[in-house]
Amino acid sequence: MLIKAYAKINLSLDVIGKREDGYHLLKMIMQTIDLYDLLNITPIEKGIEIKCNKSYIPCDKRNLVYKAVELFASNYGIKSGVSIDIIKNIPVAAGLAGGSSDAAAVLKVMRDIYIPELEYKDLIKLGTSIGADVPYCMIGGTALCQGIGEKVTSISSFKNHILVLVKPFFGVSTAEVYKSLDISKIKIHPNTDILINAINSGSLLKVSKNMKNVLENVTLKKHPLLRKIKNELIDFGALGALMSGSGPSIFAFFDDMLKAQICYDKMKTKYKEVFITRTV
């Protein structure tokens, strides 16, 4: 069974508090984009076999796909195994939920194969224990995500909008970014209600002008190159640019494919991982 596991971007990301266990409380708008990994999933007699086209991707228990299979099997008493070939296209450590999306896709397939009667809310609860982005990745589309990310509410679709995405040569540790974040020093928070109204109106310009990610306070300060990338994208005619997740990927919306293509072509000469795609 060949399936797609889509990347996500954050149209907004706000940190509104911190739980006693150290997890940060979030309020964010997530959006699926047409950039995806391919997973070829085959049931086998026993065990978990994972292969990947990228040599730097671990194929053992460090991989969220492995964790997803192991967790599902142990929770529901599945004795047979699974073989998974991953064709990795989503950049890693990029703020695009590549690993979480792969894990979410595998959980959905495991459910369909072994326990199709399993309610989605139970599958989502299982996914939360793997990673905070996994519940959203199971649902996808345009959604308001709250709590640590596990409370997902679908909102009006914001699909088919053009964007250019740049992932610089380095990765970022999500844990380190949150560890460095001082909530008391966040001066301007995203206005989520205004952003949702902009999404409801279908206005790409209004959405672009109201995007905000408070984690930029940490990641852009540590990596000034990201601010340069944002400015470059705007100079090419983007309506707005933002860092996705904890970074370092930067995306920008365009209302004209020609402008986006020119931007893509120029950025591709400077940065290795550049994509031109759409929201889905």
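Here the Cβ of each residue, glycine as well, is placed from N, Cα and C on the backbone.
Remember, predicted model here, so these are calculated numbers, not experimental data.
Quick look at what Swiss-Prot annotates:
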type	residues	note
ACT_SITE	Lys8	active site
ACT_SITE	Asp133	active site
BINDING	Pro91, Val92, Ala93, Ala94, Gly95, Leu96, Ala97, Gly98, Gly99, Ser100, Ser101	ATP binding site
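Annotation for Gly99 (ATP binding site): spatial neighbours Asn63, Leu64, Val65, Val92, Gly131, criterion Cβ-Cβ under 8 Å with sequence separation of six or more. Counting every protein chain shown, 28 other Cβ atoms lie within 10 Å of the Cβ of Ala97 (ATP binding site). Taking the centroid of the Cβ atoms of Pro91, Val92, Ala93, Ala94, Gly95, Leu96, Ala97, Gly98, Gly99, Ser100, Ser101 as the ATP site, the other same-chain residues with Cβ within 8 Å of it are Ala7, Ile90, Gly245. Closest by Cα distance to Lys8 (active site), from the binding-site residues Pro91, Ala93, Ser101, is Ser101.
A distance of 10 Å separates the Cα atom of Gly95 (ATP binding site) from that of Asp133 (active site). With a cut-off of 8 Å between CB atoms and residues at least 6 apart in sequence, the same chain places Lys8, Ala97, Ser100, Ser101, Gly149 near Asp133 (active site), listed in sequence order. The Cβ neighbour count for Pro91 (ATP binding site), using a 10 Å radius over every protein chain in view, is 21. When secondary structure is read from DSSP and collapsed to three states, Ala93 (ATP binding site) falls in the coil class. Under the three-state DSSP scheme, Lys8 (active site) falls in the strand class.
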